Ligand code: PAF
């Protein structure tokens, strides 16, 4: 660090951040939990984690049109505002931010500047949902700019989303920490998700099968199985045989989401499939 006529000159990001932090002395750490509402225990767990790390917690509820494809469920997406407000107030959230679409996208969706994380956004879920992660990165970046949190919390259930956001924060040198929080599950293992509300009784019975299958894969990998491409084909068929229309089953490096190399010790098994029109996703991390 250099001092020139009272002006501090720094050349590395870490020093800049340290200075910035000193200037903030006396201010409170702010944690942020962005959501699309219809809150379940998975969201509430994010809020509880946020409260452990910061003195002020901001939660947003915004059903983001930019991350839904033309044939997806934007209009049908469950909205339970009153219930959500009550749950958040009970947890002691400091601010609930509920912006309007026209305020967020004031120049219209067509004109909107966007943030795109290349590579990571096009694979796995991104291959099935073109433009989805561009919509997620754009809204999360905008919300970060609005809330200016010191840290933000996301569920590991949306594992790829978490990696996209971490990459965006790194690539754009954003000054906050991203925390991933383990998936909250129903008693039968089904990952909690707002979209579970769409399932009928029969589909709800089938739904935990995805988690059971990827858990089996994890056990096999832990026991030494390494023929990943055969495994993927096999488990895709098994997903179909229990009643899903498979989207994908995949095994990736947990850090890069690329095909695992022999050196990769931390893997993630990801799966997605349809029950009727409802898309269920899940993942499990495996250390080998
Ligand atoms: O995970 C979600 O609910 C959304 O993708 C998010 C991160 C709130 C962005 O709209």
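Cβ atoms here come from the backbone N, Cα and C positions, even for glycine.
According to TrEMBL, the protein has these features:
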type	residues	note
ACT_SITE	43	active site, proton donor
BINDING	36-43, 155-158, 192-195	ATP binding site
BINDING	67	beta-alanine binding site
BINDING	67, 161	(R)-pantoate binding site
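Ligand 1 lies within reach of 36 from the recorded positions 36, 38, 40, 43, 157, 192, judged by a C-beta closer than 6 angstroms to any of its atoms. Put simply, residue 36 (ATP binding site) is 14 Å from residue 161 ((R)-pantoate binding site) when counted between their Cα atoms. In the three-state DSSP assignment, the secondary structure recorded for residue 155 (ATP binding site) is strand. Distance from the CA of residue 36 (ATP binding site) to the CA of the residue listed as 'beta-alanine binding site' is 11 Å. Counting only the Cα atoms, the space from residue 36 (ATP binding site) to residue 43 (active site, proton donor) is about 10 angstrom. A Cα-Cα distance of 10 Å separates residue 194 (ATP binding site) from residue 43 (active site, proton donor). In the shown protein chains, 20 other C-beta atoms lie within 10 A of the C-beta of residue 194 (ATP binding site).
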